[in-house]
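What follows is one structure encoded as structure tokens, with my remarks underneath.
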Amino acid sequence: MRFPKRYWIVVLTFICTSVCYIERVGFSIAYTVAADAAGVNQSSKGAILSTFYYGYACSQVPGGWAAQKIGGKTVLLLSFVLWSLTCALVPLDPNRVFVLIVARLLVGVAQGFIFPSIHTVLAQWVPPHERSRSVSLTTSGMYLGAAMGMLVLPSLVKFRGPQSIFVAEAAMGGMWSLLWFTYGSDAPRIEHPKATASGFGELLLPIKGNVKSKVENGRVSVKTAKIPWMKILTSLPVWAIVVNNFTFHYGLYVLMNWLPTYFELGLKLSLQDMGSSKMLPYLNMFLFSNIGGVVADYLITKRIMSVTKTRKFLNTIGFLVASLALIVIPIFRTPGGAVFCSSVALGFLALGRAGFAVNHMDVAPRYAGIVMGVSNTAGTLAGIIGVDLTGRLLEAAKTANSDLTGPESWRPVFFIPGLLCFLSSLIFLQFSTGEKIFD
């Protein structure tokens with residue numbers, strides 16, 4: 001049987017997110033090693049690590065708009081080429097602060113176009129009954145990429161130095177760009193005859209200029225296209241997605257950027273000595289993200305639960321368990337306990353993505369990229385706030401306690417995202433919906 005084109009698209013976007021997160025984890029590992037060797041303090045490290053998210057925040061909504069107007073294939077390709085070139089050309093020198101700031105801003109801006117574009121592409125290619133597992137598989141690439149980065153890159157730094165990570169990331173970005181240029185494609189037109197009749201495919205083609213196409217009685221008509229910005233920005237279901245996206249990324253980015261420091265300084269354990277255990281939190285995210293997608297599609301297609309109840313159920317379970325796991329991390333003073341708690345926290349946060357993350361396509365299938373841009377802007381703000389705030393909290397704790405080995409130094413670091421998870425799950429329960437609210 002012919003392998004459907006939409007499956008190739010999902011596979012390519014899965015690889016895309018994997019490479020992006022290898023880059024993010026790689027920079028935090030390489031910069032941490034280089035900065036510690038140069039004697040950079042924790043607050044300054046937090047400022048550099050959070051710079052990426054300023055650029056990332058600026059390009060989320062423009063990314064959704066660009067993908068809506070000219071198509072996801074072009075936007076994804078240009079963004080990958082830009083950040084890959086930046087990694088290839090910039091030296092990793094902690095003393096050249098201005099160069100690093102500009103480079104991280106550029107990489108952030110470029111990668112900010114990626115996820116809104118992916119949501120636009122998937123909304124165009126994937127029929128409703130396959131959305132949960134398709135989005136979950138695509139986004140699980142983030143976690144597999146992070147896991148592979150945590151497993152392989154510390155050794156690369158040890159034997160080849162921090163700069164070698166930039167070279168490796170640029171090479172991977174270039175190879176994916178070539179794959180996408182060769183095999184990627186914008187919206188389908190006829191692959192799903194039934195889907196076309198229900199508005200899938202043709203209805204979701206990129207809008208050129210000020211017109212869009214619509215299928216009526218088997219014929220394509222043209223009418224003026226207008227993005228309902230006010231309805232999007234004042235919709236309570238959209239804000240439920242936004243709040244949960246903020247919380248998800250607050251927890252993810254704090255752990256992604258500061259877990260290496262927690263192992264190195266809080267538990268006095270070298271990343272190189274941890275072996276494969278350091279990748280378990282992200283591997284758990286990969287597994288639970290796909291489990292959530294399969295479970296969600298099963299509950300919906302078998303009519304066990306409505307779309308709304310399915311999204312709320314998975315989001316609530318994921319965020320409540322993650323909340324508890326985050327709060328108890330400092331209690332466990334062994335590497336095994338810390339890895340277990342962080343694995344549970346990130347795994348169940350990933351399970352929750354089958355709730356809030358797929359919900360973009362439920363409420364606004366035509367404008368999924370734009371709604372994703374709005375909510376991912378909030379997620380990016382979480383990176384700016386969480387990563388920088390964590391650095392300040394740790395610097396204050398170091399001043400008060402003279403070191404960072406005690407659990408009291410790390411308790412607020414993990415309590416804040418734990419509390420946010422609990423509150424966000426309540427908001428999603430109250431205000432979210434699985435019904436389409438924008439046409």
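Placed from the backbone N, Cα and C atoms, the Cβ positions cover glycine too.
Marked as transmembrane segment by TrEMBL: 6-22 (among others).
Under the heading domain 'Major facilitator superfamily (MFS) profile', TrEMBL lists 9-436.
What TrEMBL records for 75-92 (among others) is transmembrane segment.
Taken from TrEMBL, the feature transmembrane segment covers 98-122 (among others).
Taken from TrEMBL, the feature transmembrane segment applies to 134-153 (among others). Long-range neighbours of the transmembrane segment (134-153) within the same chain, counting only residues 6 or more positions beyond its ends whose Cβ lies under 8 Å from a Cβ of the stretch, are 6, 10, 13-22, 24-26, 29-30, 118-119, 122, 126, 165, 168, 256, 271, 276, 278-286, 289-290, 292-294, 296, 346, 350, 353-354, 357-358, 361.
Sequence-distant contacts of the transmembrane segment (236-259), counting only residues of its own chain at least 6 positions beyond either end whose CB sits under 8 Å from a CB of the stretch, comprise 24-25, 28, 49, 53, 146, 281, 315, 319, 322, 326, 342, 345-346, 349, 352-353, 355-357, 359-360, 363-364, 371, 374-376, 378-383, 385-387, 390-391, 394, 413-414, 416-417, 420-421, 423-425, 427-428, 430-433, 437. Annotation comment: TrEMBL describes 236-259 (among others) as transmembrane segment.
The annotation transmembrane segment is assigned in TrEMBL to 279-301 (among others). Through the fold, the transmembrane segment (279-301) approaches residues 25, 129-137, 139-151, 255, 259, 307, 310-311, 313-314, 318, 339, 342-355, 358 of its own chain, all at least 6 residues removed from its boundaries and within a Cβ separation under 8 Å.
The transmembrane segment feature in TrEMBL is assigned to 313-331 (among others).
Through the fold, the transmembrane segment (337-356) approaches residues 132, 135-136, 139-140, 143, 240-241, 244-245, 248, 251-252, 255, 259, 262-263, 267, 277-278, 280-289, 291-293, 295-296, 310-319, 321-322, 325-326, 328-329, 331, 421, 425, 428, 432 of its own chain, all at least 6 residues removed from its boundaries and within a Cβ separation under 8 Å. Annotated transmembrane segment per TrEMBL: 337-356 (among others), in sequence order.
The transmembrane segment annotation in TrEMBL covers 368-389 (among others).
TrEMBL lists 409-429 (among others) with the feature transmembrane segment.
Here the domain 'Major facilitator superfamily (MFS) profile' (9-436) returns a mean pLDDT of 83 for the predicted model. Against the transmembrane segment (313-331), the recorded stretches 6-22, 75-92, 98-122, 368-389, 409-429 differ in Cβ pairs under 8 Å, and the greatest number is found for 409-429. Scored by C-beta pairs under 8 angstroms, the transmembrane segment (75-92) has its highest count with 98-122, from the stretches 6-22, 98-122, 368-389.
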